[in-house]
């Protein structure tokens with residue numbers, strides 16, 4: 001015995017005419033699914049370039065899989081439900097049973113998508129802001145609630161009517177022995193989903209607003225995360241439609257000449273795009289370097305114009321060199337500023353060599369403060385050692401001490 005009975009017989013959907021409004025509805029569901037799939041592929045490409053794979057990638061991959069599985073049932077639901085038609089044009093032989101069979105299947109694929117997306121975003125934020133105890137605890141609690149909610153909603157959606165056939169067979173649903181949940185379940189589930197959407201949107205502001213970042217970079221980063229606000233807005237509109245469907249009196253509007261049903265597909269796929277966007281920062285940096293951080297300059301055995309040390313013309317002769325002027329233990333730095341801090345130290349900032357999204361938290365200034373002393377060693381090039389506070393800021397060879405400032409928000 002199969003869990004889901006075979007769908008009721010229905011006409012070939014290719015033989016059913018497609019009026020203009022229905023064409024628009026079909027375009028919407030395929031277009032937004034395609035946009036989400038492209039965003040997902042770009043995310044995979046970005047991860048491949050940086051090599052920074054994580055569990056958040058697997059979560060958004062599961063969301064994309066369910067989105068692709070959902071598109072077929074939604075297409076069948078729109079065609080067999082005659083959405084986009086005028087009520088007077090709907091054939092008199094119209095039977096809603098096949099349409100609702102496909103809709104029931106679409107529900108099962110829809111419900112996990114937002115849960116996987118939120119899990120992906122929360123894991124991503126944990127990698128970025130997890131060093132702050134309050135943020136870490138909130139993410140753990142919210143992720144646990146999200147997982148439990150997803151399991152509960154999926155099981156209730158699957159078993160909302162017993163026998164299951166009552167979900168699409170209205171004659172069976174009217175049987176007194178049939179048990180179905182109250183319509184309030186759909187409203188409550190949508191409200192909880194909306195609440196968690198809002199909390200997930202708020203967390204990036206908690207992490208980033210207090211950081212010392214370039215204003216343009218902060219606006220760009222928060223703008224990416226604000227894509228999640230679009231998901232929340234669409235979810236609110238969808239919730240309003242559910243309330244009207246179950247609790248409002250008929251207003252005389254044509255129930256067929258409407259595309260509200262497509263909001264579920266739009267919401268799910270915009271959520272996938274919003275989850276993928278922050279991980280595309282390396283690509284954004286290539287396309288919009290001024291706004292997203294630009295390129296980094298490498299300083300290994302090379303010296304800045306302010307340095308009093310000599311510059312090696314042939315760095316391949318340096319001990320440990322690789323012919324590129326960089327050694328395995330060299331640190332990639334952003335341009336050293338000409339100004340100095342209160343202690344008379346030059347400020348340097350490290351940069352992610354991979355250009356991954358974690359550079360948001362380094363290039364733009366979340367590091368702890370460490371003082372090091374750079375000393376010239378004629379035999380091996382450079383040696384870097386912890387700063388000795390008892391010594392002057394310039395040693396006998398005239399070498400400046402360099403303060404590598406790392407600002408960590410805790």
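Cβ coordinates come from backbone N, Cα and C, glycine included.
Looking up the ranges 138-159, 160-181 in TrEMBL, the one annotated as transmembrane segment turns out to be 138-159. When TrEMBL is compared with the stretches 1-23, 24-46, the one noted as transmembrane segment is 24-46. Remark: the transmembrane segment (259-280) contacts the transmembrane segment (100-126), by the rule of 3 or more CB pairs under 8 A. With a threshold of 8 Å between CB atoms, the same-chain residues lying at least 6 positions outside the transmembrane segment (185-207) that come near it are 114, 118, 121-122, 125, 128-129, 132, 135, 138-139, 142, 145-146, 149, 153, 156, 160, 221-222, 225-226, 228-229, 231-232, 235-236, 238-239, 242-243, 246.
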